[in-house]
Structures are given as structure tokens and as C-alpha cells.
Amino acid sequence: MAPSLLTTPSQALALAPGAAASRVGGGGGGSARVSFPSGRVQRRGALGMRVRASVAIEKETPESEPPPTFLREDGSGAGSGSVRERFEAMIRRVQGEVCAALEEADGSGARFVEDVWSRPGGGGGISRVLQDGRVFEKAGVNVSVVYGVMPPDAYRAAKGEAGKNGAAADGPKAGPVPFFAAGISSVLHPKNPFAPTLHFNYRYFETDAPKDAPGAPRQWWFGGGTDLTPSYIIEEDVKHFHSVQKQACDKFDPSFYPRFKKWCDDYFYIKHRNERRGLGGIFFDDLNDYDQEMLLNFATECADSVVPAYIPIIERRKDTPFTEEHKAWQQLRRGRYVEFNLVYDRGTTFGLKTGGRIESILVSLPLTARWQYDHTPEEGTEERKLLDACINPKEWLDL
């Protein structure tokens, strides 16, 4: 079967389970053989599991156990000490650590159900989902490794080259460009209206030289982000969340937090509502204008910040008393979440159009949501306070 064919580099992770075009473990070398802290994941058998594919991507094959690595056995794969290898090891470690922290916070004995899949041409993924826990209505944490091919014009556009009829400005027409992409993507929907939803996603993208241009330079990008979507504003929680993001950013460049916060506010914008999806966080995309090792460490730091940014908030709010009115408002805000993901999120929409793995693509959606005709919260209410903050993003920290 032919490899994947994408239209732009930033869409590569749309082939990954649940990926969005926004959006990670120890930062250093090491083997791609990783351990999972939870060790209690329920695995779904390969039999009876239906998969979906189209001409855009290879059909995935269910696996009963995660392999030591999803990387191809070539010079840039397993055992090479490459960024690819370290990034895969990182996202798989983070997946295990986040799932373990969520299971502990849930406290019900509920466990993540795991699906493992691979593709014949290399790559694969691990989808983990917890539903109907005591604390979490639905929580998905997915990792994936994708190999494919993108059109040469997309490759040249990423390099800033101009040309006509598929030809580079200074050379003959080039062939399709092989690529590698890996990422972790997660959305966490708690039951309590006072406990916020969290989304995070971190990814790495890299090209190989086309067959007809073996000496062509390799291109690479990092992308990612972590953002918070509460139904009610509890400033202690929002400030804590943003302060953890800022601390992670400041370790590498003090300009990162203000720059990536604004990027986040701009990206998660529901145009037809004139609202942001939530109260932001950080977001960056196609980042390659810094040292590669520095950005690998930065993505790692951001992913390692997920648990300390989120779990303390969950512990404070998971047992907060609430009313039916609070729950109804949460469901309305969940509706906004659905609208953004299905209408605007580039990874979700691309995955739906190209026959991606549907269960993984839609794992970001909440288990329940609500749409109420012409609903507007009254002035002076806590609900209105949240809506105003989504319409007019604010600075949560003194910079």
C-alpha cells in the first residue's frame, strides 16, 4: 500500500490519534524501550476491532501489546540516539505517567483501556481512554508515530522556496518528500463543573531526503501546547496553571510565555461564537528557529509540566458541591468544545476528511454536551464572568 500523502507539513500529526495541529518525558538520550508507571492498563484484544482507512493513510493493524518502539529499523530509528528515538521514548513515558496520575486522582479503581496499533510501512500508536470514572467523565491520552510522504510543493513551502509547476526556483521538478511525525495528544474531561477540562499535545515532525535528491537537507519542526478550559473561573486555579506554563517557558526563553500565550488565545478561537474555547495556556507550531536539542528539551519540559499544572487543581475541585444549574452550564461549555474541535481544529477536521482512525480522532470530544437555544448568562453571574473572559482574553499573571 502506498504511504500517506498529505497536503501540508503541519497536517502530518492529523494522522495521529486525536491529534490537533497545535501541540513529552526525560530529556536526553536513552533507549526507545520504555516502561509504563501504571502497569494496570486494560488492553483490548485485536479480534473484533474494526479499523478504517482511505487512500491517504495505511490501514492500521491491531496489536495485543505495545512494541518496544514504533520506529523503523534504519539509521535514524531505534538504537540511533536520534531525536526521533528520544522523542518517542519521551512521549511514551509521559503517557504512562499522566495515566497513572489520573487513575490515582480518580480514586475509583477505574483503569485506562488501551488499544495498540501499527502500520505496515512503519509507525503505530497507543490509545488509552478512561470513561465513567468517579472524577473523570472521559480522559484520553494517545501517542503515535507516523511515516508517510508529502507533496514536494508542501516541502518547498516549508523551506520558503518559490517555484512553478512543481519545480523549485533553482532546480528541476522534485518528487514526493518522505516524512516522520510523532506526538502525544490528550484531552481530560472531569465530571465536576468546578474542575476544568485540560488539553495538551506535543509533536515532532521531520523530513527525509527525496529519492531523487539524496543530498537534500532534512527539515524538522516542533509543535505543541497545553490549555485549560474551565466552566467557572477560580482565579487560584487559573493562575496556578498559567504560572506552571510560564515557569516551563522561562527555563528556555523569557519571551516564550507571552508569545505562546497569545498564540494559544488566537488559535482556540470559535469564530462563529466570537469566543475562545477556554482560558488559554501556551501554543506553538512549526517551531524550528532555535537549536534542535534546546527545543527537544523545551517540549519535554512542557509535557513534564502537565501533571504539576493540572493534578493539584483536580484534587482541590473534584469534590466541590455543585447544583443541576452548575452542571447544565458545564454541558453548554462542553458544546463549545465540540464546536471548536469539529469545525476549526485542523488535526480533527483533516483526520475526518482523510479516513483517519475515527475512535482516536474523536476521543477529544466529551462524553456528554448540551446545546440550548439562545442561551445567554445574566450579567453579574459567575457564568457571565467566564463568558466575558472567553470573549476578551486576559493576562492571568503579572509579567
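The first residue you see is number 1, and the count goes up from there.
Just so you know, glycine gets a Cβ as well, placed from its N, Cα and C.
Positions annotated as transit peptide by Swiss-Prot, on the basis of sequence analysis: 1-52.
Look at Swiss-Prot and you will find 20-39 (among others) tagged as region 'Disordered'.
The region 'Disordered' annotation in Swiss-Prot covers 55-81 (among others).
Annotated region 'Important for dimerization' per Swiss-Prot: 129-138 (among others), in sequence order, evidence recorded as similarity to another entry. Long-range contacts of the region 'Important for dimerization' (129-138) within the same chain: residues 99, 102-103, 105-108, 110-113, 187-192, 195, 314, 318, 363, 366-368, each at least 6 residues beyond the stretch ends and with a Cβ under 8 Å from a Cβ of the stretch.
Among the features that Swiss-Prot reports, substrate binding site is placed at Ser185, Asn201, Tyr202, Arg203, Gly355, Gly356, Arg357, Ile358, Glu359, Ser360. Cβ-based neighbour count (10 Å, all protein chains) for Gly355 (substrate binding site) stands at 17.
Taking the Cβ of His199 (active site, proton donor) as centre and 10 Å as the limit, one finds 26 other Cβ atoms among all the protein chains shown. According to Swiss-Prot, the active site, proton donor annotation covers His199, on the basis of similarity to another entry.
Residues or ranges marked as site 'Important for dimerization' by Swiss-Prot: His272. The Cβ of His272 (site 'Important for dimerization') has 9 other Cβ atoms within 10 Å, all protein chains considered.
The region 'Important for dimerization' annotation in Swiss-Prot covers 337-372 (among others).
Within the set Ser185, Asn201, Tyr202, Arg203, Gly355, Gly356, Arg357, Ile358, Glu359, Ser360 that the record links to substrate, no two Cα atoms are more than 22 Å apart, and one pair reaches that distance.
Along the region 'Important for dimerization' (337-372), the predicted structure has mean pLDDT 88.
Packing around Tyr202 (substrate binding site) is summarised by its Cβ count: 31 other Cβ atoms lie within 10 angstroms of its Cβ, all protein chains included. Across the binding-site residues listed here (Ser185, Arg357, Glu359), the residue whose Cβ sits among the most other Cβ atoms within 10 Å is Ser185.
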